[in-house]
Amino acid sequence: MMGICEMKSCCSWLLLISLLCSLSNESQAISPDGEALLSFRNAVTRSDSFIHQWRPEDPDPCNWNGVTCDAKTKRVITLNLTYHKIMGPLPPDIGKLDHLRLLMLHNNALYGAIPTALGNCTALEEIHLQSNYFTGPIPAEMGDLPGLQKLDMSSNTLSGPIPASLGQLKKLSNFNVSNNFLVGQIPSDGVLSGFSKNSFIGNLNLCGKHVDVVCQDDSGNPSSHSQSGQNQKKNSGKLLISASATVGALLLVALMCFWGCFLYKKLGKVEIKSLAKDVGGGASIVMFHGDLPYSSKDIIKKLEMLNEEHIIGCGGFGTVYKLAMDDGKVFALKRILKLNEGFDRFFERELEILGSIKHRYLVNLRGYCNSPTSKLLLYDYLPGGSLDEALHERGEQLDWDSRVNIIIGAAKGLSYLHHDCSPRIIHRDIKSSNILLDGNLEARVSDFGLAKLLEDEESHITTIVAGTFGYLAPEYMQSGRATEKTDVYSFGVLVLEVLSGKRPTDASFIEKGLNVVGWLKFLISEKRPRDIVDPNCEGMQMESLDALLSIATQCVSPSPEERPTMHRVVQLLESEVMTPCPSEFYDSSSD
């Protein structure tokens, strides 16, 4: 009898323990929000380590990187994963985050369609998907988000029309679909009618009053929905380059370029023959907004006639040729070898955007030739060559006024990229060989956008390979992440190069274990900063020099926060260098 009781007691304890274990396991089960986030993580093919911390072993997603939860409900309300090199599709399970208010996935490498399930996240107030590679149509279901206030899908490869349902978003105050492949008439009803042209530019096949393009019906006549009496216009709005992280391998391109230059020097006409064969093997010409008044046949014929005498340079992005047309106009042709066919679509899209950017102090991209193995970029040809050549390779010396004007021109070009483009453009490779000069020695910034286009995952390494080591900001060397302030640092180095007439890593600096920035700091400590100036520079004005040294010193500050913006730099140049007042820089350095 006692045995039976003991058995019953034992079974009761086992049942209780089993129940407690079951309850314990249930309490540790991951939440539905966590499961949705893990679905997203599992879809990612590549990223930095930011979301590696998301693990099913940690059942509380509120502790995960980039995730914020409501304190009471413990539901996910914010997902912020910007600038983390995330590559992969956005899975439909994202729609299960029905308490989500803020979705920030911009500046990554997400691709594929935007899931229609996003329309299930009815608590959303802000969606930021810009600067990715999303394709396909904009889901009409996004019009089912009653609380949505901000929607940014700019700088992707979205196609199709803009859904009319978005006009129902009564709280929408910020809307941007610029720089995509959207087509058709922009909905004129509802909230979308209140947004400006900047929300839609960069979509060449959109029409409507927002972009000053009259819509046509199927017969080719102006649509009855368009304003009467308005002539059809081409969309002349500026296409703005994305800060999107395009796939590329600058290291590979640089090595190919150097190898191409080696072949040119050692094997003579081998590269030229391959270029002629490449162009003759099925090339097509893309012109931007009628900038090239020539037929494709005429241009290809000229390309086939290029020989080794037309090579005028070989840099980090490719070999450069001088191309003369029959009407006397001259262009610079930059040859960039293709990386892979999948890269073409994004590359061509970015080239189209670059080709639309026009400014007095920028080198214009007129079009390109798409050949089987390379892209041939057609730029304006500037007879003055590069600033690097003017400073270091020619017999004649630049006088003071010329140097100051070059500095101001370069500053204005870079300031335009930083402050007058949306999204802002980071050059990433400011150096003297990327500052070109016209016949009057007026400066123009070249190669903007290419460093980002061909960016390798280890971008700081590829830039060093390209020969710009002396221009890199210290934080860029450490992190590889470029910002406007890394450009400002490079500009400060450029100013010192122009003033000294020496390259940033001149042998005279290296012997002392310094570069031009270190040399300036040494001279300041010795209370003789003016000694940095090229002794062969004629017409120097001391007050302007002191102002320039002060600006350069601010630009090359070790702390990015202490560097001025390029807009501020231009203001200082115009107020203190062009019309100098007595400077305190030299006095403060001489105390």
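Any Cβ shown, glycine's included, is placed from N, Cα and C.
Between the listed residues ASN25, ASN80, Swiss-Prot assigns N-linked glycosylation site to ASN80, with no corresponding entry for the rest in that record. Rounded to a whole number, the C-alpha distance linking ASN120 (N-linked glycosylation site) with ASN80 (N-linked glycosylation site) is 19 angstrom.
Annotated pair ASP429 (active site, proton acceptor) and TYR476 (phosphotyrosine), C-alpha to C-alpha distance, rounded: 12 Å. Separation of the C-alpha atoms of TYR476 (phosphotyrosine) and ASN80 (N-linked glycosylation site): 23 Å, rounded to the nearest whole number. Around ASN80 (N-linked glycosylation site), the same-chain residues six or more apart in sequence whose CB sits under 8 Å from its CB are GLY66, THR68, LEU102, MET104, listed in sequence order. Counting in whole angstrom, ASN176 (N-linked glycosylation site) lies 38 from SER386 (phosphoserine) by their C-alpha atoms. The average pLDDT computed over the repeat 'LRR 5' (171-194) stands at 89.
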